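**Q** So that we are looking at the same thing, I have put the structure below in structure tokens.
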Amino acid sequence: QDGRSSFIGHQLGGVMEVPNSKDQRVKSARAIQITYYLQTYGSVTQDLIGEKWESEFCKLMHKMQMDHQDLQLYSLASFSLWKDFHQTSLLARGKILVSLMLILLTATLSSSMKDCLRSKPFLGLLGVLTICISSVTAAGIFFITDGKYNSTLLGIPFFAMGHGTKGVFELLSGWRRTRENLPFKDRVADAYSDVMVSYTMTSSLYFIAFGMGASPFTNIEAVKVFCQNMCVSILLNYFYIFSFFGSCLVFAGQLEQNRYHSIFCCKIPSAEYLDRKPVWFQTMMNDGHRHTSHHETNPYQHHFIQHFLREHYNEWITNIYVKPFVVILYLIYASFSFMGCLQINDGANIINLLASESPSVSYALIQQKYFSNYSPVIGFYIYEPLEYWNGTVQEDLKTLSQGFNTVSWIEQYYQYLRVVNISATNKSDFISILQSSFLKKPEFQHFKNDIIFSKAGDENNIIASRLYLVARTSENTQREAVELLEKLRPLSLIQSIKFIVFNPTFVFMDHYGLSVTMPVLISGFGILLMLILTFFLVIHPLGNFWLILSVTSIELGVLGLMTLWNVDMDCISILCLIYTLNFAIDHCAPLLYTFVLATEHTRTQCIKNSLEEHGTAILQNVSSFLIGLVPLLFVPSNLTFTLFKCLLLAGSCTLLHCFVILPVFLTFFPPSKKHHKKKKRAKRKEREEIECIEIQENPDHVTAV
């Protein structure tokens, strides 16, 4: 109505043009996008008023949607993203409690046996509670030190649980490997010396990896905050398991030595007394004396997981007919992983971090559907005095805005000067006509907010101004917007015109600018540090080699498969990749080092013993970890879906390597066990010779020999 001329191509969606029109006239549009700017001048009071206005505006839009069902209205205010991002934590509270219950149940059942004396259900329960207490302590420290909560911190309980319960189950396995005839204090000491060295090493690697994520070199603030909290959690996890759970193990060992029931804590009756009681009573009070034969030295072998591994799985996986299928399976796994790694997507899409049914997601989906032909409106801010009347400056501005549709007071002013046939080639004429004539016109009055004047005496100056740029894009708006940003920002450093470019979506584009390179760098540094640390702790260098190979295979597998599963590289997937590195070390390292340092005759026997020794703890931990992830599926949030997918892949790939790939590949790749054979034969021959000499010298002492 006021004759205002402005570019609105980016505000119309689903456009149909008038057929056969020369000037591409618009016939209709399915959607229109309108933007309102609130002027607050930076004061706190006006910020609060603006926030209240936005809240009322969103309520009004919702009410109008209810009243006018024929229209689809979607609103997005400045606080909407923050609100919908934090909504995930509210939606996930109940599901996290369900996860905890499932982990408690799984840990309790997997630590149980039919033998009421040697069963340790309460230790499994107390182990999970130990991790919960340490996580709550870490959260308390985080909030006391003025930490800011955000929804990405939802992953910390799962990350801490995956590492902490591994230490718990390894200590239980270490206890089962000790001799029953030793005092309980010696058994606890043996379990600690057997397990805590490797657990200390893996905890150190967790601390180092997340410490690098918490360093100033990390460009994503959410990742930095998460890693800082994770470092505190890992540290407290270690000390709680070392102290609190260790004391629980001592107490359970004392009960076992004094022959108390593992559940009811009552004295177990003698075998003669049980024989006179009903079957149900015998089942509840059975301490394994009926099933233990005289030649069995370890009654803990009746644990159902250990029995399954020893009697069934170990023989099956090392069967010569199974190995070719495992090799084919690994080739398929590697090919899919490699294919996925070539298709990595960055995480510039903000939808991946929000609650699924939130207003922001609805708005973003409609915007992508109808308004993906144009980039976001980019603010181009010139923050120093400039000679706008100079022809060279005008050419520089045209060069910078080349390829964009501009909403600019400068272009409109130049056009106005040409229409009225006025020349403004000097400063006084340029500013005088601009203030007294151009900005007074109704169709140009809205440009007043785009120019900042200053007055020095009788002279007016333009100290800053702004214009808006809109670029035509294809369907991949996010990727092209990032490329535009990367193109414009370097120009702001080298051009004579000092400017900055900004759009609210740049926050997310900057957030993930290095989302692909950062986890790769952290993973690379983590593997390097792991190599340095393990070099001094392991005798055999092939143990280091196999560990690095396994961890790299798992990391690349998770990265490739999550890409094929439509997971972008956002802050949650980055944190999961850092965690996958440590999770793989946590489970593969004990298995590999036990194999490398084993002294059995054959590789097959070595891998069987390694699986029998550590397989139970690995299976207990990974199964508890994966079962605990299931409730995340029922949280209506894209953030938790991403967390579920990444952690599911991390647990599954680790389990695949520990129980399928490594047991087969280690049987026909180095290290060789031939030198152990030679040593054993030499010892046997030496012993036989000594025995023969003793027999010849003193035949009466043959039995003593």
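Cβ atoms here come from the backbone N, Cα and C positions, even for glycine.
What TrEMBL says about a protein is an automatic prediction, not a curated fact.
Quick paste of what TrEMBL says about this protein:
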- 96-251: domain 'SSD' (DOMAIN)
- 90-110: transmembrane segment (TRANSMEM)
- 122-144: transmembrane segment (TRANSMEM)
- 196-214: transmembrane segment (TRANSMEM)
- 234-252: transmembrane segment (TRANSMEM)
- 520-539: transmembrane segment (TRANSMEM)
- 546-566: transmembrane segment (TRANSMEM)
- 572-596: transmembrane segment (TRANSMEM)
- 617-635: transmembrane segment (TRANSMEM)
- 647-669: transmembrane segment (TRANSMEM)
**Q** Near the transmembrane segment (647-669), which same-chain residues lie under 8 Å Cβ to Cβ, leaving out any that are not at least 6 residues past its ends?
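**A** Counting only partners 6 or more residues beyond its ends, the transmembrane segment (647-669) has Cβ contacts under 8 Å with 155, 158, 162, 313, 317-318, 322-323, 326-327, 329-330, 333, 546, 550, 553-554, 557-558, 561-562, 565, 576, 579-580, 583-584, 587-588, 591-592, 595, 603-604, 606-607, 611, 615, 618-619, 622, 625-626, 629.
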**Q** Residues sitting near the transmembrane segment (234-252): Cβ under 8 Å, six or more positions beyond its termini, same chain?
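**A** Cβ under 8 Å, 6 or more out: 120, 122-123, 126-127, 130-131, 133-135, 137-138, 160, 163-164, 167-168, 171, 175, 184-185, 188, 191-192, 196, 199-200, 203, 206-207, 210, 262.
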**Q** To the transmembrane segment (617-635), which of 90-110, 122-144, 196-214, 546-566 is linked by the most Cβ pairs under 8 Å?
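**A** Of the candidates 90-110, 122-144, 196-214, 546-566, 90-110 scores highest.
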**Q** Ranking 122-144, 196-214, 546-566, 572-596 by the number of C-beta pairs under 8 Å to the transmembrane segment (90-110), which range is first?
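**A** Checked against 122-144, 196-214, 546-566, 572-596; highest Cβ contact count belongs to 122-144.
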**Q** Which sequence positions outside the transmembrane segment (572-596), separated from its termini by at least 6 residues, show Cβ-Cβ distances below 8 Å to it?
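**A** Contacts with the transmembrane segment (572-596): 152, 155, 159, 162-163, 166, 170, 198, 201-202, 205-206, 209-210, 213, 220, 223, 226-227, 347, 352-353, 515, 518-519, 522-523, 526-527, 530, 534, 538, 540, 542-543, 546-547, 550-551, 554-555, 558-559, 562, 603, 606-607, 609-611, 613-615, 617-618, 621-622, 639, 642-643, 646-647, 649-651, 653-654, 657-658, 662, 666, 671.
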**Q** Let me spell it out: take the transmembrane segment (122-144), skip the flanking residues so only those 6+ beyond its ends count, and list any with a Cβ under 8 Å from a Cβ in it.
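**A** Distant contacts of the transmembrane segment (122-144): 100, 103-104, 107-112, 156-157, 160-161, 164-165, 168-169, 172, 228-229, 232-233, 236-237, 239-241, 244-245, 248-249, 252, 262-263, 624.
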**Q** Find the average pLDDT over the domain 'SSD' (96-251) in the predicted model and report it.
**A** 87
